[in-house]
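Enquirer: Sharing the feature lines straight out of TrEMBL:
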| type | residues | note |
| --- | --- | --- |
| DOMAIN | 51-490 | domain 'Major facilitator superfamily (MFS) profile' |
| TRANSMEM | 44-64 | transmembrane segment |
| TRANSMEM | 127-145 | transmembrane segment |
| TRANSMEM | 152-173 | transmembrane segment |
| TRANSMEM | 214-237 | transmembrane segment |
| TRANSMEM | 304-325 | transmembrane segment |
| TRANSMEM | 337-359 | transmembrane segment |
| TRANSMEM | 371-389 | transmembrane segment |
| TRANSMEM | 395-421 | transmembrane segment |
| TRANSMEM | 433-455 | transmembrane segment |
| TRANSMEM | 467-484 | transmembrane segment |
Amino acid sequence: MDADTKDMESPIEVRKISMQGETEEVREAIELEHKLTLMDAVKLYPKAIMWSMYFSLGVIMLSFDPQLLGNLYAMPAFQKDFGYKFEDGYIISAPWQTGLSMGNPIGQVVGALFAAYPMEWYGRKRTFNVCVVAVAGLVFIQFFARSLKVLLVGELIGGLVLGMFVVIAPAYASEVTPLSMRSVATSYVNLCFVTGQLLGNGVTAATKELDTHWAYSIPFALQWFWVLIIIPGMYFAPESPWWLARQGRFEDAEASLRKLSSKKVNVKAVLAQIIETDRLETQMEAGSTYWDCFRKINWRRTEVAIGVYSTQVLCGIYLINYGTLFFNLAGLDTKQAYNMGIGFLAVGWVSTCLSWWLMAKFGRRPLYNSGLTIMTIIMFLVGILDVIHSSKGAVWAQVVLLLVWNFTFDWSVGPVAYAIFCEVSATRVRSKTIAVATAVQAMIGIVMTVAIPYLINPDQANLQGKLGFFFGGLSLPCLVWCYFRIPEMKDRTYEELDIMFERKVPTREFKKYKI
């Protein structure tokens, strides 16, 4: 072969060598992903864990606001300033409770669907930063509100921005952490929800005895605390390497991976895996628009994401959000009601941490289905107790059952849902799949927000514990759906999941399927 021929063929040979090198790097990255234990991941990716937790701080603000509002309905100073005279005290009317409480879920619907656009155009980091600054300004409306109309405006506009955090946090967490850490990082979002609710209960319990506007103004003002914590890290936070790679910014993606991992990690191999997964989804014509979430190639994945997230609402979590008012109306005095509300969320916080070990040990599907089964039985027991007994002892029995329900929710349906909908979505439409699931869940939440005040208030249906029948009944079809539709995705890379969904692997064969 002459020299000219060698020169002509050399670019092809170079390309072959390059492709072989890329293949080896992808193989190395996949093998490392499967070998890593949880503790190995903590040692190799401590900065990724830290930044994942940082981006989840916005979720604490998101959950703090509705929990705060739900508790204010049982606060004497708030009732007096915003409510009307009823029997021996004051009460916020059911229509106004509905209107105010709808601000957050309506905001989540619009905010979640809108969030996917700036997240794709400008990245996760910039979108997060703008949302934090916007929240800092919108808290002023709530803080200075002295009428229900002004407070409603603050809740609605605030909800639009806060609703974006629930899309940003899990999407970012799923894109910066390794396989063995993925369930912990994504379900940490649930811990942030519980933390925000716990703080909302704690703050209102501390200020409930005040007889001035500071009883509710102080809790509103404390939302600025989280803004002040977040601001210092805004400039230093690394962008998602998955987003950078999809923009063709491979050098920036590699630099981001270096910021997220220790020096022992071969970031070139990790980047090669990211590029390969994106290339595979492009070849599968997965697409990256909202419409692509509902196309045949992605619909099964979108359905699972919507189903697991919506079940959180249908099985009864909104009853826990109204826990303080529920206990108060059931017969506990104001102090006992607030204390039980705090106890509920403290138990939930511990239970969420327990879920991390359970997911690593047993996977997603068994935890979700077994937890939902237990919760369904408990709800029916709560309803039965309300029918056959009306004594103080029966009330405390209901409280204990709901405490067990909440504990079960936070090691199963609560945190596991976040792991599932982050893993099940294709990487090119992850933010949009999460947004669609969030919007659907929030719309169901709107229905619950409208219904619960009328079902629970003493001047309306006054169902009290009979709500157990309502949520138990809704849980049954959810349980059937979960059994047939939720696959086991533990220890699967995103590329493996793409292949399995493309091959239409049956739900119950996911765990043992070999590629």
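Note that the numbers count up from 1, one per residue, in the order the chain is shown.
Even glycines carry a Cβ here, placed using N, Cα and C.
Whatever TrEMBL says is automated annotation, not expert-curated.
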Enquirer: Sort out for me which stretch, of 44-64, 395-421, 433-455, 467-484, has the most Cβ pairs below 8 angstroms to the transmembrane segment (152-173).
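Expert: Going through each listed stretch, the top one turns out to be 44-64.
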Enquirer: Are there three or more C-beta pairs under 8 angstroms joining the transmembrane segment (337-359) and the transmembrane segment (395-421), sequence spacing 6 or more?
Expert: yes
Enquirer: Restricting to the domain 'Major facilitator superfamily (MFS) profile' (51-490), what is the model's mean pLDDT?
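Expert: Over the domain 'Major facilitator superfamily (MFS) profile' (51-490), the predicted model scores a mean pLDDT of 85.
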Enquirer: Considering only the recorded stretches 127-145, 214-237, 371-389, 433-455, 467-484, state which has the highest number of Cβ pairs under 8 Å to the transmembrane segment (44-64).
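Expert: Result: 214-237.
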Enquirer: Is the transmembrane segment (127-145) close to the transmembrane segment (467-484), in the sense of at least 3 CB pairs under 8 angstroms with a sequence gap of 6 or more?
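Expert: The answer is no, given that the two segments have fewer than 3 Cβ pairs within the 8 Å cut-off.
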